[in-house]
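**Q** What follows is a single structure, and I will ask about it in a moment.
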Protein chains: 2
Amino acid sequence: MEQQEKDWLIELLDITEKELTPKQAKIVQAAIEVFSEKGFAAASTNEIAKRAGVAEGTIFRHYKTKKDLLISIVLPVIYKFAVPFLAEKFLNEIFQKENLDTMDGLLRKLIKNRYEFVKNNVPLIKILLQEIAYHSEIQETFKQVFVEKVMPRYKMAVEHFRKTENLAAFPAETMLRLTISTILGFLVTRFIILPDYTWDDEKEIEYTIQFIRNGLKGND
Amino acid sequence: MEQQEKDWLIELLDITEKELTPKQAKIVQAAIEVFSEKGFAAASTNEIAKRAGVAEGTIFRHYKTKKDLLISIVLPVIYKFAVPFLAEKFLNEIFQKENLDTMDGLLRKLIKNRYEFVKNNVPLIKILLQEIAYHSEIQETFKQVFVEKVMPRYKMAVEHFRKTENLAAFPAETMLRLTISTILGFLVTRFIILPDYTWDDEKEIEYTIQFIRNGLKGND
DNA sequence: AATAAAAGTGAGTAATCGCTCACGTAATGA
DNA sequence: TCATTACGTGAGCGATTACTCACTTTTATT
């Protein structure tokens, strides 16, 4: 079971960087840049080709349409962002290791983990956030990953902590919504809306953790 | 002072609906629809004209460029969304009326107020959220309104409640970020990401208020 | 009623778009 | 070595784009 899960994950993530021609890799990099800067609809295959240093026809040798190129870039981001919830190892650590045996520990690990991921993938996250509004393929993959993978795991964790800690009587769905809203709100503000503001990341992360922890705490 | 402020606000909001030709009003309505559905870049002036029932040239009689049309639609939304913070009356009520003299009351009024606004202006909010990423005019107006108008008022409220209630030792800026993240996270999830989910709005609002209130509460 | 200004029209234009295709070149495999 | 396949190219195509302009119609002004 553990091995099966790992294989599935590794295979999934490998698909992304698998067997890309040097020129194709340049195309993907250029496309990420241009899509992120101008948005999918305003990005021209002409500019992508120029930035990648290839002929425009080369793009369509590897991708049937411009939209195909977008999808091949965006879908893996959804899986990668959800990885902490997908990995068996992650939940094992939560339930086993002492320092992770609190809601606080889970939150801290989660937020620091995703902070690093977003920090290293700002353009990709930006593309995902923007284009999910207009492309049903992205919406469906997103819903599928969250409904089938993230929600059940998060529910498990919540049920576990309900016994050992004093949690508010919110439904697990609401707790997930509030948790993700707060984390995503921080990351989007930090890296997309106000990246030039002088941030004390360590402190802001601590504030954010404390906010979520107290917010989800029960009244007694 | 009070009268002066009111005039400024009224004037500001009047600009929006001021002296629009019937056909121009149809153009604006059609543009909101198309921009919201397809995004600014993918929206064609041709389709806007057809939906408005006017000739394409009529659009450019009133708006120099397609982008001008976008700006004329989006900028007022920023002001209208920030209205509760702009209105003198709002803060007066907070500090004077008995039932609003708590952080809880402020939050409840704020969230219910903005809930109704977003509910009645989903397409406009969608356009704002999407296009702010690509248009510096929108970004600058947004920053200006929040830095000059919203932040100072919110700070005042926070300083007031710091004395009467047990608030966490977060900077006011962080509190504003966390508050808006949570409210906006709820509204975006509710009306844009999962509008078809069966929502119990009353309960979700109460959960959200409780989450923010407890999250901003100090530890003692 | 005469005049001017504003509103509305739609055919037309230059530019750009995503994408194709015929043709080279490099890699692979028997 | 030769044949096959995959990779790469760029001129070129039909469609669409935002926007213009000469013109008509409506509204406002005196």
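Cβ from N, Cα, C; glycine included.
According to TrEMBL, the protein carries these features:
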DOMAIN    A:21-81  domain 'HTH tetR-type'
DNA_BIND  A:44-63  DNA-binding region
TRANSMEM  A:69-87  transmembrane segment
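Walk me through the surroundings of each of these features.
**A** Sorting the domain 'HTH tetR-type' (A:21-81) by DSSP state (H, G, I as helix; E, B as strand; all else coil) yields 48 helix, 0 strand, 13 coil.
If you look at the DNA-binding region (A:44-63), the same-chain residues 6 or more away from its ends with a CB under 8 A from one of its CBs are 21, 23-24, 26-27, 29-31, 33-34, 69, 72.
Within its own chain, the transmembrane segment (A:69-87) has Cβ neighbours under 8 Å at 5, 9, 12-13, 15-16, 27-28, 31-32, 35, 40, 48, 59, 63, 109-110, 113-114, 117, 121, 124-125, 127-128, 131-132, 135, 137-138, 141-142, 145-146, 149-150, 153-154, counting only residues six or more beyond its boundaries.
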